[in-house]
Amino acid sequence: MRAEEPCAPGAPSALGAQRTPGPELRLSSQLLPELCTFVVRVLFYLGPVYLAGYLGLSITWLLLGALLWMWWRRNRRGKLGRLAAAFEFLDNEREFISRELRGQHLPAWIHFPDVERVEWANKIISQTWPYLSMIMESKFREKLEPKIREKSIHLRTFTFTKLYFGQKCPRVNGVKAHTNTCNRRRVTVDLQICYIGDCEISVELQKIQAGVNGIQLQGTLRVILEPLLVDKPFVGAVTVFFLQKPHLQINWTGLTNLLDAPGINDVSDSLLEDLIATHLVLPNRVTVPVKKGLDLTNLRFPLPCGVIRVHLLEAEQLAQKDNFLGLRGKSDPYAKVSIGLQHFRSRTIYRNLNPTWNEVFEFMVYEVPGQDLEVDLYDEDTDRDDFLGSLQICLGDVMTNRVVDEWFVLNDTTSGRLHLRLEWLSLLTDQEVLTEDHGGLSTAILVVFLESACNLPRNPFDYLNGEYRAKKLSRFARNKVSKDPSSYVKLSVGKKTHTSKTCPHNKDPVWSQVFSFFVHNVATERLHLKVLDDDQECALGMLEVPLCQILPYADLTLEQRFQLDHSGLDSLISMRLVLRFLQVEERELGSPYTGPEALKKGPLLIKKVATNQGPKAQPQEEGPTDLPCPPDPASDTKDVSRSTTTTTSATTVATEPTSQETGPEPKGKDSAKRFCEPIGEKKSPATIFLTVPGPHSPGPIKSPRPMKCPASPFAWPPKRLAPSMSSLNSLASSCFDLADISLNIEGGDLRRRQLGEIQLTVRYVCLRRCLSVLINGCRNLTPCTSSGADPYVRVYLLPERKWACRKKTSVKRKTLEPLFDETFEFFVPMEEVKKRSLDVAVKNSRPLGSHRRKELGKVLIDLSKEDLIKGFSQWYELTPNGQPRS
């Protein structure tokens, strides 16, 4: 064989020239597909322009189409971006939580210590997910697909072309078990469900393809195991439902991409959420029996545990949302009040930042704890309503306290408070508690368990009373009535109407649904029932049941088969009627008050007991005595609006400091408020008993007011303090400086002189999950000028000392006895609050560049030593460094 001659270093071989195409050929092969793609895009973009010109349409239609396309593309990109972000969170959960620890969008087990993380359950689900996917795929093809084809003749070609449930499995972000309920025969567990799936489901119907590529579902799923048994299988049934409507977002493909179009995407998602809510959101539930032969009626359709009556009274200091040319205007506020699937909307108060509604809404509550009261405030506009703040209240504490009358601070807004009165109404069977309707409020509820009907007439035009006999039927109607009716039921009590589901083509329909009504007058109101045919749009039977007919039956329950009027001779409907009366029950005596108004259950009855047994000492009084100081009318009016009717008995003992000196009587308007006793008269040490009355005590509850004591003006010598503070003291932002003003002190050491006192009421509100600090007022403050001082109070929850975490009261001008009555809330978990301290400083407001003294004193309170659930209200002595005097 002849050896091949070696080629020159720069020359290509003949074999390489045959196998490797030249650069011109490669360039042409790449440009050809790109050129074709470019031409197709140009034709696609210019096609609508040519079509508009051919049809003689104006350019407005082109702009409108371009706008709709851009909007659709924006929605599409946003949905894909949210899905990608959710996938990233699932893949890097630990890093995301570490980076966003201070954020609000975190799993429930981080925010709430009673929610446990169950990572072991997620590992089990992840391991078994491929097998579960195979099971679901077979169920879809073998059972779901034939059922869909049987629904209509137009769905006979319906086929699942692709079923892939992806690698992303559902997760349980947190589990909370409720063990403090009274029912010992049930286990209640709340699961924080999160499914961010990469599933791909495609369907085909008459060569039209559609499908889903990605689903997000988040919500709280409650699982109830009830009743617990002593033998196998130890559980009678499993009940599953969502406490609130879950959040659902679907990424559509194929023809269903049109559902992402502007104006349609929100409607499509809401329709799917409503479809889930009709089956799985309270009061709807799914009950799966575990033990055979068990009656599941009470489990599938339980009675409400109570009724909450919401008095939407007023709001104040709402944010200004109506702006015109940069000028701040007012708002047109209205409120949306909801519990689960029950929603109400108040009327709109136009151009008012302090609206008054005085409206009442009533809700049925099925699960406590679990369901929350949500209030959202909006500013009504012609284009889009602006958000003014929201509020979420746990109904468990309202059920415990029976009545809560409180001003609530709105969340997610700059300013605003909402005044609500919440009443928990118990369901009773005692007819003695039945009262007449007062002001349109409900006195009872009616629960209707609609079971089934039998022997409904096929021909709705052949009633015995001859109502439809005279009508002439067309040939189409005669042929149609030979089929069984598709019946549904309309039930109404008063102005409220409910409609059942439709049972297609069945003369013995089974509905198995429950409906609830509020009753205003049991003696006069009736239940109106009408069975209708969905195909013929006519009545198949009617029934009227007076509600007073239920009163003679045991447990106010009537269960029987009722004969339908205007129907066949043997047409019956089976249902159960349950009547319950509504009443606000009194709280048990001696039980601790845990509601939000507990912060303001201060001294209502004040008793003064002299401890000096001198000749001028007065004996202990049996009844309450009022202070000689005249109250402020405006503040009293405000306190009455915050009052509530239920309190607990408690007694607080405080020692009133003695006045060292008495000065000349001040002149001016504030002199009457500053002095409680005649000038020049010596005061003896006295013990102040602050008594909070029990639930049967009359009169409104007022906020704690500081005790008015005579001012003791004295001069301070020139002095500068810079005390060394350790531990938490070094974190306080108050730097005490007394060298800015020359005053005189008789007697020496500044540390031994009193700087005044401040009254605080501190308590952890479980209802709001926050620490509430009520600044009541101050007394005996140090004067900064000849006219007194302009004090205000600054509060920090150490160790947080950022400007955003700073709380500040309003400034009270020219007074040494300021009354604030301002509440601040710190949204911190209970376990975290125990590790914190309060830094409360009283300061003097001074103009910019002024040399007046700013610091008047401060107080440091270690919260780990206090009972925050019970709360405390007392006077604290102001010191330069916040520590109590030794």
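From the backbone N, Cα and C atoms, a Cβ is placed for every residue, glycine too.
In Swiss-Prot, the Ca(2+) 2 site is described by ASP332, ASP379, GLU380, ASP381, and among ASP322, ASP397 the residue recorded at this site is ASP322.
As annotated in Swiss-Prot, region 'Disordered' covers the listed stretch 1-21 rather than the other ranges in 1-21, 85-105, 127-147, 505-525. With respect to ASP332 (Ca(2+) 2 binding site), the closest of these binding-site residues in Cα terms is ASP379, chosen from LYS321, ASP379, ASP381, ASP386. Between GLU380 (Ca(2+) 2 binding site) and ASP386 (Ca(2+) 1 binding site), the C-alpha separation comes to 7 Å. Around ASP386 (Ca(2+) 1 binding site), the same-chain residues at least 6 positions away in sequence with a Cβ under 8 Å from its Cβ are LYS321, SER331, TYR378, ASP379. Excluding ASP322, ASP332, ASP379, GLU380, ASP381, which define the Ca(2+) 2 site, the same chain contributes LYS321, SER331, PRO333, THR348, TYR378, ASP385, ASP386 within 8 Å (Cβ to the Cβ centroid), listed in sequence order.
The DSSP breakdown of the domain 'C2 3' (754-876) into helical (H, G, I), extended (E, B) and coil residues amounts to 10 helix, 60 strand, 53 coil. Across the domain 'C2 2' (426-566), the DSSP tally of helix, strand and coil residues reads 16 helix, 61 strand, 64 coil. Helix, strand and coil counts under DSSP for the domain 'C2 1' (291-408) come to 11 helix, 59 strand, 48 coil. Cβ neighbours within 10 Å of ASP332 (Ca(2+) 2 binding site), excluding its own Cβ and spanning all shown chains: 20. For LYS321 (Ca(2+) 1 binding site), the number of other Cβ atoms no farther than 10 Å from its own Cβ, over all displayed protein chains, is 20. The residues near the Ca(2+) 1 site, meaning same-chain residues not in LYS321, ASP322, ASP379, ASP381, ASP386 whose C-beta sits within 8 angstroms of the mean position of the site's C-beta atoms, are SER331, ASP332, TYR378, GLU380, ASP385, LEU388, in sequence order.
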